[in-house]
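Visitor: Encoded as structure tokens, here's the structure I'll be asking about.
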Amino acid sequence: MTSTDGPPLALQEVLDLVKLPSAGYAQRFMGTRAAYLPGSDYTLTEDLVAGANGLMGMHKAAFGGHVYAQAALAVARAWREVEDQKGAKPSERLDIHTINGFFTRAGIATRPFIYTVTPLTSSRTFSTLSVTAHQPSQPSTNPQGDHFPQADASLPLSPPSFTAICSLKLPEPDSVGVSTQEDPPQKRFASILSSRAPSDWPPAPPVDITGMVELAGADQAGRFPVAVMRKVDMTAHNAGKPVHERRELMLYKLLRPLPTTTDGGPWDANAHVVAHAYVADRNGLLTAGNHVGFGYSLKRAASLSYSFVVHVNAEMAVLREEDGWWVQEMWFPRTAAGRGIVESKIWSPGGVHVATEYQDGLIQGLGVGKL
């Protein structure tokens, strides 16, 4: 792990895509920027290096939210091209409804992801597409391992790193005005959230493993891309509760405003949907490891599958600076067989349940976990 100079990258930088020549019915894209490497933004000390070696070793896998969100963005871009070819009006355009992804190979941060998007089914109101991500089997032609040139797309490819099926749906109004949800966290946890301003909570840790946070300090914000994230202290609320009843709250907003085109441009509401999916993937399995007793003895944590469902029209997922902080409410309903579930609800600043995350992944300790 090494400290990195410069500010963290906004979504429109870190998830930038270039179009590649198509392959039959499939459309191809390539990411141009290096994925975030969790922990690479820590300021290193001898104690931190020693602690990291005792907790999962030096982290080498790229942040999974990068390929997940960028793959969905590639799907949205590909579908917009299909709609443009059909001459679809803005009111006829479909938006991301679900992302159902599977992680099959650890990503290398210093190599680009190359995406192949294939339409599966198509109708006026609901369509599905598959996307597969590969990486070159050799280093980028740019020795810096970033700002990937298009020549990288011609390098030999490794087996797939990630695959997903995404669905897109036509926006609709509530049926007969019906919309139901539970009380938002802004109400259920009002006493906790009102105890300080959102920006006064500590930053979400670069690597949220209890032992690492204690060694590095809770004040290191790191260089996580896309969003500013704060972690609410839920220690008192969770005390004495079984794991499945505990909650973690993350507050977040975009690092930089993201354009909100309504004409099907590259940064339409779908880009905001993938921003939420990117953020929701951060630290969840590590936090689950803390709750099941692996905070000082985590051997491995890695995503296997991750589903993201948008419950509203995509326009309601748009992150606007003037609206304030969004809330990710996270909990851990099941851990068994070396795996754990992370479930999250994404809440708007106004308390609307916009999306749900459901993730299954490896959570394995060096010894016997203690609940």
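Placed from the backbone N, Cα and C atoms, the Cβ positions cover glycine too.
What TrEMBL says about a protein is an automatic prediction, not a curated fact.
From TrEMBL, here are the annotated features:
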- 133-144: compositional bias 'Polar residues' (COMPBIAS)
- 58-137: domain 'Acyl-CoA thioesterase-like N-terminal HotDog' (DOMAIN)
- 219-362: domain 'Acyl-CoA thioesterase-like C-terminal' (DOMAIN)
- 133-152: region 'Disordered' (REGION)
Visitor: In the same chain, which residue numbers or ranges, 6 or more beyond the ends of the compositional bias 'Polar residues' (133-144), come under 8 angstroms Cβ to Cβ?
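Guide: Contacts of the compositional bias 'Polar residues' (133-144) (Cβ under 8 Å, skipping residues fewer than 6 from its ends): 67, 70-71, 107-108, 110-116, 151-152, 155-163.
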Visitor: Averaging the per-residue pLDDT over the domain 'Acyl-CoA thioesterase-like N-terminal HotDog' (58-137), what integer do you get?
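Guide: The average pLDDT of the model in the domain 'Acyl-CoA thioesterase-like N-terminal HotDog' (58-137) works out to 96.
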Visitor: If you run through the region 'Disordered' (133-152) with DSSP, how many residues end up as helix, strand and coil?
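Guide: Going by DSSP assignments, the region 'Disordered' (133-152) contains 3 helix, 3 strand, 14 coil.
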Visitor: Would you mind splitting the domain 'Acyl-CoA thioesterase-like C-terminal' (219-362) into helix, strand and coil residue counts from DSSP?
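Guide: Its residues divide into 34 helix, 52 strand, 58 coil.
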